[in-house]
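Asker: Copied straight from TrEMBL:
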| type | residues | note |
| --- | --- | --- |
| REGION | 1-23 | region 'Disordered' |
| TRANSMEM | 62-90 | transmembrane segment |
| TRANSMEM | 102-125 | transmembrane segment |
| TRANSMEM | 157-178 | transmembrane segment |
| TRANSMEM | 190-209 | transmembrane segment |
| TRANSMEM | 221-241 | transmembrane segment |
| TRANSMEM | 265-287 | transmembrane segment |
| TRANSMEM | 330-350 | transmembrane segment |
| TRANSMEM | 356-378 | transmembrane segment |
| TRANSMEM | 390-412 | transmembrane segment |
| TRANSMEM | 418-440 | transmembrane segment |
């Protein structure tokens, strides 16, 4: 499967744009000194009682990082274990009247429902607070596993492991995705990547544990055990999670349609739209691919586990490098590496078990969208608008995530080369995703050049946000297209 800091008074981005909204980094830097004076009732908060005037980067934020890490492990991590469930469903015939496409639809539905409910979850955060929203998601997730344990028909799975689990995942994810970046500036990407790494470690643990539980305890008790574990862990995290919505003036608008008028936001969406299709197909197909290549179920679960381990270890590294090299730069490079490894490692070496393991080790790049989506979003729209931007972002990603695995299994044929169409399709979409993020990088370079800025945080911190907001003429370039093209070939930390 996550980012905030700005002051509405100082440089609050508004739907009517202006350079202030187009230079979120500067606004973020200007805000730290003025957060304590921000007066907003945009959302209730469970955490702002801690002295905001004494706020320092990190601090209690590391407790928040640990909390979000655990939530991700017991939401997205559990969702990743569906690859093991899918492989079991396909070979056991335990669910009557279900085709392979129906099982694939269950996996895609859980992700699409999670994204679909994000606007509703965003409204709940604004009205009831972050922790109440997280608690509601925790209950739904536990209920979904209990319901799935009694499933005997495909519609049982669709409602429990598909719809109900997706709703629980969506409320938990939306409640936590933007909290960690509120506590960090210089190490924002690193902290955010650590928290998203929880999904990788969760996927590692539960891919192996789920396979073992199904073999030794049966499908029903596997679901019930997962229900208890997720309820206890996520419930405990609701007691330690604290946001800073009031301090940063977070704006929780479910449908901020004006953002769709911004070309840079459309490029941002394009990056995620094509990347999510490829990512879902890879996550849910690896175990079945291993089975098709003649490997036994335990080997398939090991491949899925290695893939998730790579994400768990790799995402913090991606975040650490992002803060030094540039957030958009790393998002683009990671997406490009995903395309290259799909074409050259999965396609040619994946039929051999060591080669498939090597491809799984590149899993950190296949899921680049998750550690980078919130930090890159902050670069595009600024921290204040990030909750609203992500709400709209997830909504757009509903359609591709719903049908991604359905498309993947539809492209699958029989034989040892049965996945060749899937592999080419996944690699091609990663290439399109890379093109979108690289154009977005070019936009960012053009904006920085227009304002005469660098990405140096200290220099940005000395800028006057009010002066920046009044520089629309300076930002106009003689040739916008030419500046975008030039920006594609500029070496710069972005």
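Cβ atoms here come from the backbone N, Cα and C positions, even for glycine.
Show me how these features fit into the structure around them.
Answerer: Long-range contacts of the transmembrane segment (62-90) within its own chain (CB-CB distance under 8 A, at least 6 residues past either end) are made by residues 1-2, 98, 100, 103-104, 106-107, 110-111, 134, 137, 141, 161, 165, 168-169, 172-173, 176, 179-180, 183, 191, 194-207, 209-211, 214, 219, 226, 229-230, 233-234, 236-237, 240-242, 283-288, 291, 297, 300-301, 304, 308, 370.
Under 8 Å from some Cβ of the transmembrane segment (157-178) lie the Cβ atoms of residues 1-4, 67-68, 71-72, 75-76, 79, 82, 85, 95, 98, 102-103, 105-106, 109-118, 121-122, 124-125, 130-131, 133-134, 136-145, 147-148, 151, 195, 234, 241, 250, 374, 386-387, 390-391, 394, all in the same chain and six or more residues away from its ends.
Listed by sequence, the residues of this chain that lie at least six past the ends of the transmembrane segment (190-209) yet keep a Cβ under 8 A from its Cβ atoms are 1-3, 58, 61-62, 64-65, 68-78, 80-81, 83-84, 176, 180-181, 183-184, 226, 301-302, 304-320, 322-323, 363-364, 367, 370-371, 374-375.
Counting only same-chain residues 6+ beyond the ends of the transmembrane segment (221-241), those with a CB under 8 A from a CB of the stretch are 46-47, 63-64, 66-68, 70-71, 73-75, 78, 130-131, 134-135, 137-139, 141-146, 148-149, 172, 176, 179, 206, 210, 213-214.
Within the chain, the transmembrane segment (265-287) has long-range Cβ neighbours (under 8 A, six or more residues past its boundaries) at 80, 82-84, 86-87, 104, 107-108, 111, 259, 297, 300-301, 303-304, 307, 331, 335, 338, 342, 356, 360, 363, 366-369, 373, 376-377, 380-381, 389, 393, 396-397, 400-401, 404-405, 407-409, 412, 419, 422, 425-427, 429-430, 432-433, 436-437, 439-440, 443.
Beyond the ends of the transmembrane segment (390-412), by six or more residues, the same chain brings 100-101, 104-105, 107-109, 111-112, 114-116, 118-119, 121-122, 170, 174, 177-178, 252-257, 259-260, 268-269, 272-274, 276-281, 284-285, 292, 373-374, 377, 418-419, 421-422, 425-426 to within a C-beta distance below 8 angstroms of the stretch.
Through the fold, the transmembrane segment (418-440) approaches residues 264, 267-268, 270-275, 277-278, 281-282, 285, 289, 292, 328, 331-332, 335-336, 338-339, 342-343, 346-347, 350, 376, 380, 407-408, 411-412, 484, 488 of its own chain, all at least 6 residues removed from its boundaries and within a Cβ separation under 8 Å.
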